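Written below as structure tokens is the structure these notes are about.
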Amino acid sequence: KGPPEAVDESYGDNDDLLDEAEVNGNWTPQEKALHEARLKAKARRRLRRTSSRDSTRESLSETGGDAGVDPTSPKGRVSTNDRKSRMGKGRGLPKKGGAGGKGVWGAAGMVYEMEEPDAKDPNYDESSQGDTVYATVVPELDEQELEKTVCPIVQEYFEHGDTREVQMLLEGLNLGHNKYEVSSLAVSLSLEGKASHRELTSRLLSDLVGKVLTEAEMGRAFDKMLKDLPDLILDTPEAPQMLGQFIARAIADHALPMDFLSCYKGKVDCDHARAALDRAAVLLSMKTKMVRLDNVWGVGGGQRPVKHLIKEMNLLLKEYLVSGEVSEAERCLGHLEVPHFHHELVYEAVVMVLESNSESAIHMMVKLLKAFWESGLITLDQMNRGFQRVYDELPEINLDVPHAHSIMESFVDVCYQEAVITKQLRDACPSRGRKRFVSEGDGGVIKH
């Protein structure tokens, strides 16, 4: 393309030719439309060129440029790389103070702060960042997750009785602000269990204080249980008395502060909570004081004297022969918590049958032993040991019970028919040998 003046001159020549054609009368409709379009285009070009020159002149005057420079000259033209507005708007200054645009480092005088290295940066070097420390993040357990996690731990503790293992498992959990719930869950589970479970729970609470729990958290747990007594009493009617014993034992073991009970004086409205606190106060005010509280839950089955256990089993069997309630006998045997000593019950039951010498006693004892066998309270080994002890002592029993052999044989046959004992155990029953009379003068005395 040539300069704008040359273009305008060419268009001017064409206009002169069109004027001649119009004068000569050779104007056609197509030529007339073309002429009008050219005139409009020419006017737009002139308007655009005039506005561009005016904006350039204003920018030069503001920046202190030479006023005498011709805007149409190459020296006065605006550079295409200049970051100034060429739309004729604004003051003609650079955009964003020279800090905007692609590949720009920022405004003059800008100081950048030290940025943290980004691991996603292609130039990121892990070794240059110093020692890397990896830590395991354990999420905090909410109330529901805490119950699902702690309950199996406590129930397993009732089986092995190792407080260190429980402590180790709890230290691996992020209990958070619900840590005190561990004590309340353990006590609630023991209320539904046996006396030995409550003894284990008291030991657990004593061992956890100072390691996993504080005295304040333990007090918060017992305060929560005192408020929940109306709900606990629905499943365990003796809950107020048991909770009172737990409080007294915890104070004696220094798991609770000594002034725990004094904080509730005159502030308790619930009758059940008041009964629990009164029970704890009575236990702590006894003459023997703290020493007796070590056995507040009784002695465990494995720690009881053998004579005491034998006495309890004899009493159990005698009550059964009077009442005939198998379920009550099962409950009493389970509360003794001596599964390794159940052979003594079998032994005492067989001896009691031999001494009673009645058909009703035989059938009732067979019924009881069958119930114990079917429920799993008495195992095969315990059953065999009990009968074998009677077999071994049968000659001595025969001194007090002359017909012990015959009664024993009939009793063993009925037990075998009811699937209480095995065939081997039945065949092992000693039978009285064939006896003969020396002469009629012996008076029927059997010779040994």
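Even glycines carry a Cβ here, placed using N, Cα and C.
Whatever TrEMBL says is automated annotation, not expert-curated.
What TrEMBL says about this one:
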- 1-22: compositional bias 'Acidic residues' (COMPBIAS)
- 40-50: compositional bias 'Basic residues' (COMPBIAS)
- 51-60: compositional bias 'Basic and acidic residues' (COMPBIAS)
- 145-266: domain 'MI' (DOMAIN)
- 308-431: domain 'MI' (DOMAIN)
- 1-101: region 'Disordered' (REGION)
Helix, strand and coil totals (DSSP H, G, I; E, B; other) for the compositional bias 'Basic residues' (40-50): 11 helix, 0 strand, 0 coil
Composition by DSSP (helix, strand, coil) of residues within the domain 'MI' (145-266): 91 helix, 2 strand, 29 coil
Mean of the pLDDT scores, which run from 0 to 100, over the domain 'MI' (145-266): 89
